[in-house]
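Trainee: According to TrEMBL:
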{"type": "BINDING", "residues": "Cys436, Cys439, Cys476, Cys479", "note": "Zn(2+) 1 binding site"}
{"type": "BINDING", "residues": "Cys445, Cys448, Cys463, Cys466", "note": "Zn(2+) 2 binding site"}
{"type": "DOMAIN", "residues": "212-378", "note": "domain 'Helicase ATP-binding'"}
Amino acid sequence: MQSRRLKDKVCYNYCMSYINVYIEHNSLALNTTFTYACDQKVEVGCRVRVPFGAQDLIGFVESVDVLPKVKNIKSVLEVLDTKPLLNEELMTLAHTISQNYVCSVISVLKTMLPPALRPSSIEHKIVYEDWAVLNDETVALTPKQKEAFASIRDQLPMKASILRKKISLSRPLFEKGVLSLEKRVKESVVPMEEIEDSSFVLTEEQQAAIENIEKGKNTVYLLHGVTGSGKTEVFLQLAKKVLSEGKQVLFLVPEIGLTPMMIQRVKARFQTKIAIYHSSLNAQEKYEQYQLVKENKVSIVVGTRSSVFMPFSNLGLILMDEEHDSSYKQDSMPRYHTRDIVMERAKFHHCKVVLSSATPSLDSYARAYKGVYQLVTLTKRISLQMPKIHLVDMKTEQVENGLSFSLINAIQQALAKHQQVILLLNRRGYLPVVKCTQCEETFTCPDCGIALTYHKKEDLLMCHCCGRVFYFDHTCPKCHSHSFYRLGMGTEKLEENLQNMFPKAYIVRMDADSTRKKNAHAKLLKEFEEKGDILVGTQMVAKGLDYQRVSVVGILQADASLARIDYQSAETAYSMLEQASGRCGRGQIEGNVYIQTFEPDHYVMRSVIQHDYFSFFSKEMKYRHLGMYPPYVYLCTVIYQDKKEENALQTAQEAKAYLSDLKVLGPISISMRQQKARVRLVIKSKDKELLTQRVWQLVHHHMRLKTTVKQDINMYPFGLEE
Ligand SMILES: Nc1ncnc2c1ncn2[C@@H]1O[C@H](COP(=O)(O)OP(=O)(O)OP(=O)(O)O)[C@@H](O)[C@H]1O
Ligand SMILES: [Zn+2]
């Protein structure tokens, strides 16, 4: 790998410079710069259009050399930016990420930028609009024109479209040069409910936590506070101090559930313009928010994963809420974990980082336990006590429509008292499996080979793996029967069952299907808060919700996440159960949680019943140690994909042989994608640098062998893909 040089940042020599460019290309083989001649002013971090083979490609300038190093080099076709899109910090960061995650620099550069600024973003053109601005007031006007001008004089500059609607005489004002037109980026309004700020006296624990963090010498703090212990308030207080010193603050939230809530709280508290950044924004809105930070117009950013790449100039604090959440790891190239990027940015800006969660990732807690991070704890809830957990043993309980009698009873009582209920079933759709009762044929996705889910409202079958949908005529393609088993249930069916059982209840359903539209998430939550009795949903409902009237939480099929054969299943299950439980009893009414399980004696269940994170942590760490899994080792998975399984297998075998100095598990065959067989290797090492080095060498080994089998590298995966 070559190292980056940032010398000769700008070339003011307009005659000719030689620039090194990362070109837009998917191949890791091209993860190097190419040199071009350029006769225009250009800086590091600008985009250029260059000839490459028979194509024109877009690239980023990595460095500018005054002296030519290569003979017969081609010339740049066009310099696309007058100012660098990415500053030195971000250019260097891109390089670090590429190194650590074994991915191309260009893929990182693309991820860092809002869609409108990505190298060849033809479909995301930035939208501009005309504004009328004052040009020359001294021009002679007719009395009528004078009158018209006077009526709008104080409102300038204003949108030309509004001006034209307001006065009919706007045209002569432009023609005579009183006004002129200016193109400005169209401003979109991101709608957001305004809420009032609540101020309260900090609890002793909150006070101590703030002091510990402010006075601490460490860079990274893990704020471990039980659900409802007021971690957000600690965040807001810490932010206040840093903002008063004139520095910027980044609030990171997981996708997308908590975003509206955090935005509201931050806005209410600081009463100032903030930048927000999440997946519901369109390209134009993202561009706008990005520019707000770039032009130093805001000091606060609230956003999900990708906001970690915002062009901060003076970052004073990074707050990462629900740090355990899986959405912080990007599951496409570059497969970075936000926490790692946070650490890099904190290093550059010399600022503190606070990670917070009621159920920290094993990784972060282990670091805090060892003293690498400073542990700060909140052990008590603000309101009453922690909710009471009831483990409902499904082996012995009576059940109706998938609900145990204990849970049905609790729901009835809550509804009678006008309290709210949250039910979690981590499976969307109506029927998870469609199977013919005559010939036992199961409908499966031809691309992925997994069972299709029936969605009743749309009356179609959907693959939850690749998203493909299939028309369903309620006939078995094999034996033409019309009768199907009604096995299992997803959230859509649960909602229907509940409506039949509790006809008067107002039910809100929240899952990937009901939240597909823009801002649907925030709308559904508002609907539940204002008039809902029961909120049904997938793990989305387990996250961060803070409603005072929720007295019952029911978790259906609680063992489903434990059943997965993955080293991380127990951690995911513990966190989901504890987080979901934490949604009730947050106000003045007691909370009761019903966990429907076939394994009430499992250590995950035993820890949840006591709300005892540490007992879970200790047991889980023993298992990880025994099996040699993170945080004891670093992992990398490589998935080989090919039309023919034997090709993928053979390549994986070759890779395993090449990596004979490391512990490699597999190859094993996992589910298909796009009709291609997939074979997985799991590579383990205690030495992070060695792992990275060997994986890069593996990539080059495949290049030398001209391997045609597609490989997908995932450094530090979040669980193993199946
Ligand atoms: N000192 C305080 N006095 C009274 N109420 C408080 C105080 N601090 C926080 N609260 C309120 O307590 C509730 C819980 O706080 P918050 O949502 O920050 O909890 P949390 O620790 O983030 O919980 P979770 O991990 O479950 O998301 C909120 O409604 C918040 O407004
Ligand atoms: Zn599929």
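In case you wondered, yes, glycine gets a Cβ from its N, Cα and C as well.
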Trainee: Round to the nearest Å and give the CA-to-CA distance linking Cys463 (Zn(2+) 2 binding site) with Cys476 (Zn(2+) 1 binding site).
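Mentor: With distance taken Cα to Cα, Cys476 (Zn(2+) 1 binding site) is 17 Å from Cys463 (Zn(2+) 2 binding site).
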Trainee: Provide the three-state secondary structure of Cys436 (Zn(2+) 1 binding site) computed with DSSP.
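Mentor: The residue in question, Cys436 (Zn(2+) 1 binding site), is strand (DSSP, three-state).
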Trainee: Could you name the residues, excluding Cys436, Cys439, Cys476, Cys479, of the same chain that surround the Zn(2+) 1 site, i.e. Cβ within 8 Å of the Cβ centre of those residues, in sequence order?
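Mentor: In sequence order, the nearby non-listed residues are Thr437, Gln438, Glu440, Glu441, Pro477, Lys478, His480, Ser481.
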Trainee: Compare the C-alpha of Cys479 (Zn(2+) 1 binding site) with the C-alpha of each of the binding-site residues Cys445, Cys448, Cys466, and give the closest one.
Mentor: Cys445
Trainee: On the 0 to 100 pLDDT scale, where does the domain 'Helicase ATP-binding' (212-378) sit on average?
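Mentor: 94, rounded to a whole number.
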Trainee: Within the set Cys439, Cys448, Cys466, Cys479, which binding-site residues show a CB-to-ligand 2 distance under 6 A?
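Mentor: The binding-site residues passing the 6 Å Cβ test are Cys448, Cys466.
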Trainee: Relative to the Cα of Cys439 (Zn(2+) 1 binding site), which of the binding-site residues Cys445, Cys448, Cys466 has the closest Cα?
Mentor: Cys445
Trainee: How would DSSP class Cys479 (Zn(2+) 1 binding site) in three states?
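Mentor: Its secondary structure by DSSP: coil.
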Trainee: Within the chain of Cys448 (Zn(2+) 2 binding site), which residues six or more apart in sequence place their C-beta under 8 angstroms from its C-beta?
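Mentor: Cys448 (Zn(2+) 2 binding site) has long-range Cβ partners Cys463, Cys465, Cys466, Ser671, Met672, Arg673.
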Trainee: List, in sequence order, the residues of the same chain other than Cys445, Cys448, Cys463, Cys466 whose Cβ lies within 8 Å of the centroid of the Cβ atoms of the recorded Zn(2+) 2 site.
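Mentor: Counting only non-site residues, the set is Pro446, Asp447, Gly449, Ile450, Leu452, His464, Cys465, Gly467, Arg468, Arg673.
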Trainee: Please report the Cα separation of Cys445 (Zn(2+) 2 binding site) and Cys476 (Zn(2+) 1 binding site) in Å, rounded to an integer.
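Mentor: Cα to Cα, Cys445 (Zn(2+) 2 binding site) and Cys476 (Zn(2+) 1 binding site) are separated by 15 Å.
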Trainee: If you count Cβ atoms within 10 Å of each one, which of the binding-site residues Cys436, Cys439 comes out on top?
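Mentor: Counting every other Cβ within 10 Å of each candidate, the maximum falls on Cys436.
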Trainee: Identify which of the binding-site residues Cys445, Cys466, Cys476, Cys479 has its Cβ surrounded by the largest number of other Cβ atoms within 10 Å, counting every protein chain shown.
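Mentor: The most densely surrounded of these binding-site residues is Cys445.
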Trainee: Just how many other Cβ atoms lie inside 10 Å of the Cβ on Cys463 (Zn(2+) 2 binding site)?
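Mentor: Around Cys463 (Zn(2+) 2 binding site), other Cβ atoms within 10 Å: 20.
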